[in-house]
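Undergrad: Please find one structure pasted underneath; my questions will follow.
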Amino acid sequence: MTERRVPFSLLRSPSWEPFRDWYPAHSRLFDQAFGVPRLPDEWSQWFSAAGWPGYVRPLPAATAEGPAAVTLAAPAFSRALNRQLSSGVSEIRQTADRWRVSLDVNHFAPEELTVKTKEGVVEITGKHEERQDEHGYISRCFTRKYTLPPGVDPTLVSSSLSPEGTLTVEAPLPKAVTQSAEITIPVTFEARAQIGGPEAGKSEQSGAK
């Protein structure tokens, strides 16, 4: 199957600033946190859990619940959070007639995004070179792949970019095949004379003579 690049329509307002900060509290996509706590009051518990990527064992003089543990873990947590957010936060929705993926890509300009389909998979790629922000210099790059539902025509996949920096990729689902109504075929009966045809009738008459 050939690769197809999906063009996306720009829905951004003229005042859009591609390098604006990202505010998790204003995005409903942040509810799918990929392991990142949604609410600030959960962070202190998350810091003390050895399973999270930025866990650092506290010093002997500080307890796990003390402020020293949070202070010690904060830099590592910030790095882990940045890794999570730089790859984008996405959600998948499927209704009876449509499949849709929404991905937060507000860190990227439209020309830095690529959407394409190949062998039943949608691939979204974003990349920007190193540039300066309020914290220093940063470069970002991500690739996300989503498997299309069975039967979806890849040529019907479309995408759009909202003013809030949300990339939406969607495709119509194939309609279910409806079974035809049941039809009863009547059986017709033929007489013996009709089965043999006219010649059979003549032979029977000559035999009687």
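Using the three backbone atoms N, Cα and C, a Cβ is placed for every residue, glycine included.
These figures come from a predicted structure and were not determined experimentally.
Among the features that Swiss-Prot reports, domain 'sHSP' is placed at 80-188. Marked as omega-N-methylarginine by Swiss-Prot: Arg12. Taken from Swiss-Prot, the feature phosphoserine covers Ser13, Ser15, Ser27, Ser86, Ser87, Ser90, Ser102, Ser180, Ser203. Per Swiss-Prot, the feature N6-acetyllysine maps to Lys127. The phosphothreonine feature in Swiss-Prot is assigned to Thr178; the stated evidence is similarity to another entry. The region 'Interaction with TGFB1I1' annotation in Swiss-Prot covers 74-209.
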Undergrad: Whole-number Å only: compute the distance from the Cα of Ser102 (phosphoserine) to the Cα of Ser90 (phosphoserine).
TA: 5
Undergrad: Could you pull the average pLDDT for the region 'Interaction with TGFB1I1' (74-209)?
TA: 80
Undergrad: What is the interatomic distance between the Cα atoms of Ser90 (phosphoserine) and Lys127 (N6-acetyllysine), given in whole Å?
TA: 17
Undergrad: So for Ser102 (phosphoserine), how many other CB atoms are inside 10 Å of its CB?
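TA: Here the count is 19.
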Undergrad: Given a separation of at least six residues and a C-beta threshold under 8 Å, show me what packs close to Lys127 (N6-acetyllysine) in the same chain.
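TA: Same-chain residues close to Lys127 (N6-acetyllysine) (Cβ under 8 Å, separated by 6 or more) are Phe108, Glu112, Arg140, Cys141, Phe142.
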Undergrad: What is the number of other Cβ atoms found within 10 Å of the Cβ of Ser90 (phosphoserine)?
TA: 19
Undergrad: Which residue counts does DSSP give the domain 'sHSP' (80-188) for helix, strand and coil?
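TA: Across the domain 'sHSP' (80-188), DSSP assigns the residues as follows: 13 helix, 54 strand, 42 coil.
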